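Before any comments, here is the structure.
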Amino acid sequence: LPLLLEATLLRLASGSHHPFYNGFYYNRIVNDKHSGQEKVVYFNGAKLVVETPKDPVYSSNGANVTLPCRYHYEPDLEGKRKIRIKWSKLRDDYTKEQDVLVAIGKTYVAFGDFRGRAHIHQAGRREASLIVSDVRLQDDGKYRCEVIDGLEDESNVVDLRLQGIVFPYQPPRGQYSLNFHEAERVCQEQGAILATFHQLFQAWSEGLDWCNAGWLADGTVQYPIRLPRKPCGGVHLAPGIRSYGPRHRHLHRFDAFCFSSALRGEVFFLDHPSGMTLEEAKQSCQDAGAEIARVGHLYSAWKFLGLDRCDAGWLADGSVRYPIAKPRANCGPPEPGVRSFGFPSKGRFGVFCYKER
């Protein structure tokens, strides 16, 4: 029986369910003579309604989160009913939805990256909420809660947003040298992922102004402008997100906008009286039971932990940077931010290390 039920769940996940409501719940009754013809079709006129929060649900990297979903009937129906529940994640590029979990009663199956992390939560009557544990950067996005009762198939959407920071990234070889797939890779190498449009928009609303175009997760190329100026689309355009639209993912080359969330550990600074080379810096972090920090680690520590250090330090990609939460003399511009010295081929500096808790 468990194998049969799991097979049913798998078919439910792979099937194509298009939400609809035609005003009736049908109960097909075969006549007593077993002629194979339908005697009559009854309906009760009850409407299935699926409810989810209108406002986004916020979480952070490594946390546990509940995506609320409840359903009811109008007018209300009594009695126990065999309900099927399906959760799926909507993709930013509008390709096929990603299966997350399907359930019949208290039995459920989770899929892909959600296996072992996604659980159905049915503590209350007619509840179909989803619990996601150990939240990851790529979990950010919209989720569909679908409830299936016979011919009734209704759904609604929950928006899960990770609290994080967007930062522009150029590799050592310089500006506009990344195709889409390389941009995905360099963000991952820096403890981040490619940002979505809504993450970039949120960063723009918080003050991000960057005149170089970069890839986003949906394959578009855009950049945020707070202060219109001639090299950045012209002085007569209003502030906003400038867009090049979708670009060829293999042929076209730009920078990247990466997204990182709260840290599962800490970033700390190590120094030496005469400074360190990059290799010496990496070894110093290892000697301290840590690893050399990535760019995403430094931005997250600056954003969420208020890391403030007016000393330049090596990072894992070979760049030299330092975070300023409280601007002051001799520490760069008058605004808070992560300052960069680029990718020096020579020089001796301190190092920022990262250690997970």
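Just so it is clear, glycine is given a Cβ too, placed from its N, Cα and C backbone atoms.
According to TrEMBL, the protein has these features:
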DOMAIN    47-158  domain 'Ig-like'
DOMAIN    165-260  domain 'Link'
DISULFID  Cys211-Cys232  disulfide bond
DOMAIN    266-355  domain 'Link'
DISULFID  Cys310-Cys331  disulfide bond
For the domain 'Ig-like' (47-158), report the average pLDDT of the model, please. 91
Measure from the CA atom of Cys331 (disulfide bond) to the CA atom of Cys211 (disulfide bond) and give the result in Å, rounded to a whole number. 23
In the domain 'Ig-like' (47-158), how many residues does DSSP call helix, how many strand, and how many coil? 6 helix, 59 strand, 47 coil
Just to be sure I understand the packing, how many Cβ atoms besides its own are within 10 Å of the Cβ of Cys331 (disulfide bond)? 15
Counting by DSSP secondary structure, give me helix, strand and coil numbers for the domain 'Link' (165-260). 22 helix, 30 strand, 44 coil
Least buried of the disulfide-bonded residues Cys211, Cys232, going by other Cβ atoms within 10 Å? Cys211
Does anything in the same chain, at least 6 positions from Cys310 (disulfide bond), have a Cβ under 8 Å from its Cβ, and if so what? Tyr322, Ile324, Arg328, Asn330, Cys331
